[in-house]
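S.K.: Just passing along the structure, written as structure tokens.
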């Protein structure tokens, strides 16, 4: 049996191992398409700001081809470094594209104000054609800019600080799109807006340079459909992370946005580890979880073997991502989702509609959290040096906290009795009796004469006698006559409920320190 278990463990490890990268054959190269990336040919801020302005206009043009749009976006993404050409050549390693760099310099003879650097060759016409300045079919909006603030005609500046602020604002909006461009493009607008508000409050971006939704949609769609562009963005993130020492402000902002990008599409795997394993509830000892726990262990080892690109496997369309889907460990995932829903309110918005979702193990996770509330782990207590007395105190506090949390989740309980003021005439008898009348009598604990036995005047006197002295009565409303019998019946029902609640309050002993809290819903059932 021991040999079988060792063989099983070895089999699981080898099954989930990544393929070995060595072999007799060379690297497989696909059919490449050419991507032209314009980069500044000098260190002038005017050249960079003018190039940024032209590329932003070019990106929003709906008639631009895919490779040309990718080249424009790569050019924008690399403008914040001192040598964009060296950066692009260093980090680009895509077997499906061939990147060609075109240096751009200022020109007074072209309509775009830019030209391609060349030795003695006039390239103004080619530059104007690239930036679509001689295309009459180009949209008017692309000529006037794509910012929400239409007063901004261009973004050409002479100041390096101003250029960095404008460039950082545009780059922040592009990088935020990567977070959900692949996994959830339909619901990305809300999260992107929250990121924008955050960076606006931190003064990292300038609110006036907010790009229009159409421009952002074009860029998001291009990021979603173009794998070489995503590979370049991931390679740029990793290159920034590997840079030692202090980084430029834009680079630090990209690293901050990266916290929303990493592990995109791996929520099932990460949350199963967080709520299913790290909580260490005794349910992990079930035999049903033994195989899936072994699977998760192999996946965690595989994740580490993949290195720094593991958190981006979904964005990079790595085929190994299918091994990390919840379908490989459905029972443990269902259990972890039940635990997560009970522990964190943010988990309530997750979509559990999967074919492998098991409601029984989902409820198991919920019950484990509820019944384990206030318990202290003996292992953790011994490691942290918590005494038995401290553990009892923690358990007591945790129990009260859990009860308060559950009561808030059910709904607020009212400290005062609220009742209705109906439009009722005293001359119209209320339609009341039967089962509802018995509820009122039982709640008061005493026999009362019904309205039919006492008549209108005696019933009115009885109601007045049993009403609390501090109960505010709306005399104007009560004296109004109504011709609708349903309104009269509802008014009478409300007054009888008030009698019942008044009787309950009279039965409370005067020695009670805290008054009893009632919920109107209990009396309305």
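From the backbone N, Cα and C atoms, a Cβ is placed for every residue, glycine too.
Swiss-Prot lists 1-36, 373-391 with the feature region 'Homomultimerization', giving similarity to another entry as the kind of evidence. The region 'RNA packaging and organization of the helical nucleocapsid' annotation in Swiss-Prot covers 1-375. Annotation comment: Swiss-Prot describes 1-403 as region 'Ncore'. Look at Swiss-Prot and you will find 180, 195, 202, 260, 351 tagged as RNA binding site, backed by similarity to another entry. As annotated by Swiss-Prot, region 'Disordered' applies to 418-525. Per Swiss-Prot, the feature compositional bias 'Basic and acidic residues' maps to 433-452. As annotated by Swiss-Prot, region 'Interaction with the phosphoprotein' applies to 477-505, with the evidence given as similarity to another entry.
Relative to the rest of the structure, where do these features sit?
M.R.: Across the residues of the region 'Ncore' (1-403), the predicted structure has a mean pLDDT of 87.
Here residue 202 (RNA binding site) comes close to no residue that lies at least six apart in sequence on the same chain with a C-beta under 8 angstroms from its C-beta. DSSP classifies residue 202 (RNA binding site) as coil under the three-state reduction.
Mapped onto DSSP helix, strand and coil, the region 'Homomultimerization' (373-391) counts 11 helix, 0 strand, 8 coil.
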S.K.: Among 180, 195, 202, 260, 351, listed as contacts of RNA, what is the widest Cα spread in Å, to the nearest whole number?
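M.R.: Taking every pair of listed residues, the largest Cα separation comes to 32 Å.
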S.K.: Taking only same-chain residues 6+ apart in sequence, whose CB is under 8 Å from that of residue 195 (RNA binding site), what do you get?
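M.R.: In sequence order, 172, 176, 179, 257, 260 meet the Cβ cut-off.
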S.K.: Within the chain of residue 180 (RNA binding site), which residues six or more apart in sequence place their C-beta under 8 angstroms from its C-beta?
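M.R.: For residue 180 (RNA binding site), the qualifying residues are 187, 188, 191, 192, 264.
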S.K.: With every protein chain in view, how many other Cβ atoms are within 10 Å of the Cβ of residue 351 (RNA binding site)?
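M.R.: The answer is 7.
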